[in-house]
Structure formats: C-alpha cells, structure tokens
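Peer 1: Got a structure for you, questions after.
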Amino acid sequence: RVQVEFYMNENTFKERLKLFFIKNQRSSLRIRLFNFSLKLLSCFLYIIRVLLDDPTQGLGCKELNRSCSNQNYTPGTIDWSPIIWVNRSLPLWGLQVSVALISLFETLLLSYLSYKGNIWEQILRIPFLLEIINAVPFIITIFWPVLRNLFIPVFLNCWLAKHALENMINDLHRAIQRTQSAMFNQVLILISTLLCLIFTCICGIQHLERAGNRLTLFDSLYFCIVTFSTVGFGDVTPKIWPSKLLVVIMICVALVVLPIQFEQLAYLWMERQKSGGNYSRHRAQTEKHVVLCVSSLKIDLLMDFLNEFYAHPRLQDYYVVILCPTEMDAQVRRVLQIPMWSQRVIYLQGSALKDQDLLRAKMDDAEACFILSSRCEVDRTAADHQTILRAWAVKDFAPNCPLYVQILKPENKFHIKFADHVVCEEEFKYAMLALNCICPATSTLITLLVHTSRGQTAPWEAFRQLTGTKQALNRDSQQSSEQWQKMYGRCSGNEVYHINLEESTFFAEYEGKSFTYASFHAHKKFGVCLIGVRKEDNKNILLNPGPRYIMSSTDICFYINITKEENSAFKKQEKHRKKHESKLSYHGASRLPVHSIIASMGTVAIDLQDTGCRTSSGPTLTLPSEGGKEGRRPSIAPVLEVADSSSLQTCDLLSDQSEDETTPSDDEVSAGLEYAKGYPPYSPYIGSSPTFCHLLHEKVPFCCLRLDKGCQHNYYEDAKAYGFKNKLIIVAAETAGNGLYNFIVPLRAYYRPKKELNPIVLLLDNP
C-alpha cells in the first residue's frame, strides 16, 4: 500500500517561494513593507553622503592620479571630476553596498517567481532598470575598490519607493481592516509623485552644480520650490549646462505627469460629488444611522420605508443612508429636498458589492442594514440573485451589523439564512390569501395592523395604501358620509403596541387574573384589545394563551389600540349608558370558522385560537332567544378571574375535536376519500416549514391532477363532473411557483374539519 499526500499547491521549491513572497497576503505585505523601507533607507543614506561630502577633496581623482585642485575655468568648460567622483566614507559605503545587495537579490527573486515566459518583459520594466542602475555599480565596487567613490544616482530609489507604496496600499488597508476611499488613494499617489519630482530635482541640481555654484541641499530645495511654483526670483540659478538641461527635463516631466494626476483626482472628486460624497466618520461614531440598500429607488418604496421607519418614536434621531447604484430620479430628488427628510436622509450613489461604497456609507458603524427589492420586478429570480449578492457583501464587510433582507421567491431564502431577519414577499402573500379563504378579511386586518396610519385615514386612502395605488386623492374625495366608511377609516389606525404589565394603566389591575379575564375587561373598560403576552425570560410571544395563563407583573402585554398607552389621556366618565345599551341589538349568529387557526409562513406564525373546547353534546356558546320574556340573555358567558378546573376541559390541539373525525360522512364513503394526518412527504424548497396537515393514503398519479383532461383513471373533464360538495378555491397565477406551497398547506392543515376542506383549482397560464 502506497501513501499519497495531496497538496493544494504544487509541492516544489519555486511554488513554496511564490506562496510566501506573492500569494500569501500577510507574508507578501511584509515583503513589500521591507522593500519600501529599504528604498527609503537608501535615500536617507544618500542625503547623509551629500551632507558629509566636500567637493574640493576629490578623493576619487587622487586615486586615479588626476588633478582635482580648485582652479578657475574659462566659460564653456566644465570640470567633470566633481560630478563623476564623490567623497564616500568607508562605513557609509558598507551600508550602501549592503542595502544594494539585499535590494538586488529581492528584485531578482521576485522577477524569477513572477516570470511567465517573456524574459524581455521582465528586463525592460522601468522598476527593474532603476534597480539595476542603483544596485549593480555598488556590487562592482566590491571587486574593484578604485571605483568606491564613483557617483551613483541612489536618489532615484524614491521612485522605486513610490512604486512599492502603490502596490501595497490596498493590502495595507486590508491588513489594518480600514479601507480608504479611492479619493484618499489618489491623493496619496499625487503627493508621492510631487515629492519624488521635487526630491529628484533637488538631488540632481545639487550634484551637477558641484562643478558650478556648489549649491547645498537647502539651496537646491529653494531653487526647485521657486521654479515649480512659477515665482522665479532668479537669485539662485544653475551655472553649467548639464544642470540647466536637468531643470528643463524636470519641468517637461512635471508638465506631463502632474496634469494626468490632477485630472484623475478631479474626476474622482466629480464622481464623488455626483454620487453623494461620504457619510461622515465623526457623525457615524456620534450619531446612529441605518443603511438602506436597493437596486433601484422608486418613490413608493422610499416613502413606505421612511414613513414606517420614523413612525417609531425611538427612531426619530436616526439617520437613513440610502445606497443605490442608480441616480436619483426627479420625484425622489424633490422628496429628499423637503426639510423633514433632507435633515435625516442621505443619498449615496454606489453599490453594496464594493467595499469602497460600503465604507462611504460607514456600514461597519451602522445600527442596521435593510436590503429591499421592488415588488414590481419583472425578473424576480434575477432580483433575488442581486439581493443575495448584496447580503453576502454586507455580511462579509460588516459581520456585526444586523441584517434585514426582503426576498421575493421562497426558494432563495436558503442562501441568506445568516441574515438576522428575512421576509419573503411571496410566502407572506400566499399565506395571507390562504387565511382569507379560512377567515375572510384576515389579510386586511393584518395589513392595517402593521401599516402606520394616523387613525383618521379615509377608506379610500387605506385602500390605496394596501394596493399601492399611486392616485392622488383630494380632501373632498376622502370625506364620506357613510357610517361604515368612517368607522373603517378611524379603526384603520389601530396598531400593535406593547407595555410592561406593572407599568400599565390598562392591565396593572389584572395581575394574578387569567388572560381571558384581563383581555375581556380591558376591552370593556378602556377599549383596548389584549392579544398576547411574553414572559420576561422568554423570547416567544404567546398569542391568546387562554384562561389557564395567569398574568404576572413582569409580563409584557401586546395590545391593539389607536395609539400607545403612553400617549393616551384618561378621563373619568359617569356610567349613564343604559339608553345606549338598550339600542344595541344582536345582528345574527356568529360562528368561528375553525377551532384554531394556525398558519405557518416560514418567518411569520399567526395563532388565533378560541379558548373554549367543544363537548360531545354540542357547542358551549348558545344563541340568545329572540322572543323570550325573561329578558335578554348575555351573548358572552361569564369570564372568571382565575380559571376553574371544573370549567375547563382537556383540550389538545394535536387531536381534532371535530364531530366529523369519529365517523366518516356518507359523501366521504361514496367518494372513496380516506385522509391521514401527517407532514407532506416532499418539500418544494429548502427552508419551508413543515406543517401537520391532511394527506391522502395513496399518492394520486400526476395525470389525474389535470382538471381539463381525462386520463385512464377517470374521465372527468371539468369541475362540474367531479361533483364537489364544497365550493372551489380558484388560484389564478402565471406559473405554479414554490410559493403556492404556503397557500395550499394552511388550507389542508390538520385542525380543519375534513368536511370543510375546499377543492383547490390552479388556473395557470404556463402549466
């Protein structure tokens, strides 16, 4: 048996070196920092050599038996010996040789590791040529000591330092986990270019003028600043033609290089202003803000978000930073210019897929990030793909930022399971439609509860908010004389609020009482509807827990009201309402459609259950007699403060209490339908919530699912031929998407009586 080892990279010496010097982020960054330091050190050693040098000594000339005495020259003649030879001490020479050896070895090694088949491309690169010019002469002086004082333009290493800085700037920001903007990088490159031009000109003029005016470094600095600033005093000027030629060359280079740098800087500045600039880091650290990421911003999406977000009083001081890749349209621009929004909403044009744009929005300091999609997207799958990519990018950039994501298709929820909150539009829509089939107007009730309204909204305006209609209604059209419309408009302002029981005026007196008692009497006394509670040590909300639940002082009560209790005023009223109560009449029988309505919608669960249980003798609530002489009987049974064990029956939600469970009806027997309770054997997508429901014992062949075509198993070709006893539920859709699972399953839930199961017909454009 032979043991085989597998490697992620090629197990050769060259690949190991390449992994360390190039591929590995940390080690390659250290190598680049070391190279940058070497170049700066070589420039520093050059300055030290200039400060210690004396042009009159001419050590190099003596060693070659040349006369370098100070003498007068006729105009037009140049003594080249001070330009070719310099005074370099032995310790300084040793340091410069060591730096040159290390730099040359590193350059040759990196060129070898990055070699891709074209040797001339490696040799003719400007950084490689500069490295050869600055390093090879020092190595030659090791073997030929007579050239130890030969002038070498070491100051050109400043350009190699600039090149190393440009290469490592992105890796350096990534290593310190603080990415700078493109504007900062461009400004840094521009400053480094200016410094390199000035430093090269200073050192070049100073060295060439050794044979002329013998300028110091400070005199050369003064001359370069005066020349490049176009002031030109003329008190310091080059004397010999080589230095004059260098000045001309440097001015030409500056005229070519600097405008290019300024052009790029101006372009970045214009793009930055066009895209909204940056969100201030100081403001991000002192003020709270959230980021809204959208692919395209429409006015209805913007207003819905802003109205709902700022409806909560605790969010009034938050800033909203909008990050959108498209430009603002005219409507959005006009809205954001309104003083109410202009002080709190900041628009940035950018993409959530770019770290620079996320940095501009200060995503790492944001309190939350909302990634929304438009409901009117034509290609909903493509829209979800963009949402998933944006969610991944935000989570990678700011892993501690809470993420709220809106997805359109349910099968895409699996890809963003890392998000703190996910809302699937298609799941929610189909689940609401299913609840409408069980309990009419459920979707209207839930939509009005979650939608912010002032409570005086006319029904037409409420309808516009529900349907997204953009029609502008004037004041006159919103006023209506119909009583039910006024009631609808006023009650549409009801919302769900929460408060601690011991701090509440509504519910504090019901401590130690049953939930049913507290809910009944709070509604009777204050007109509020207590719908659920949450224990202090539990994150789950109990919706209508029933008479067995005893209210505690630490419970958090959830109630429906026009406004929250903190904004309510309490006035004592006299109890003279007998005449008004006598006018109230009972308008007919009211029957709960099911014993318990529990709809599982993936991210949302709605539990609306009645607390009573049916007995074998029939329902516990009986209708009052209309013509009785004994007086009007109460339509609601007495509510006890604490549930009595004798008044409560054992009620198990997992067991169906319907009378049709014990014995099958004649219709079921004749139709041959036999149901079993269980979970659907197949799930349409990953992440769907399994629901206990009614199932057939045997799987129906696919051919039998076509209502308009017969098959070998049956010959029915329309719904009438089937002879359905219950009314049909017809779903008109373009295709049978996975979201229909959330419509079908609640209608087949286990708690529904078998005789109330309605046939479901899918009317599809593309079957």
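Each residue, glycine too, has its Cβ placed from N, Cα and C.
Curation plays no part in TrEMBL annotations; they are all automatic predictions.
TrEMBL lists 33-52, 93-115, 127-147, 187-208, 245-269 with the feature transmembrane segment. Sequence annotations record features per position, and here TrEMBL assigns domain 'RCK N-terminal' to 287-423.
Describe the structural context of these features.
Peer 2: Listed as Cβ neighbours of the transmembrane segment (33-52) (distance under 8 Å, sequence separation of 6 or more from its ends, same chain) are residues 86-89, 92, 95-96, 99-100, 102-103, 106, 134, 154-155, 157-158, 160-161, 164-165, 168, 172, 199, 203, 206-207, 217.
Sequence-distant contacts of the transmembrane segment (127-147), counting only residues of its own chain at least 6 positions beyond either end whose CB sits under 8 Å from a CB of the stretch, comprise 42, 63-64, 93, 96-97, 100-101, 103-104, 107, 111, 153-154, 156-157, 159-160, 163.
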Peer 1: Looking only at the domain 'RCK N-terminal' (287-423), what are its DSSP counts of helix, strand and coil residues?
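Peer 2: Taking the domain 'RCK N-terminal' (287-423) as a whole: 59 helix, 28 strand, 50 coil.
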Peer 1: Same-chain Cβ contacts of the transmembrane segment (93-115) under 8 Å, 6 or more residues past its ends?
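Peer 2: Distal contacts: 14, 17-18, 21-22, 31, 35, 38-39, 41-42, 45, 49, 122, 127-128, 131-132, 134-136, 138-139, 141-142, 148, 154.
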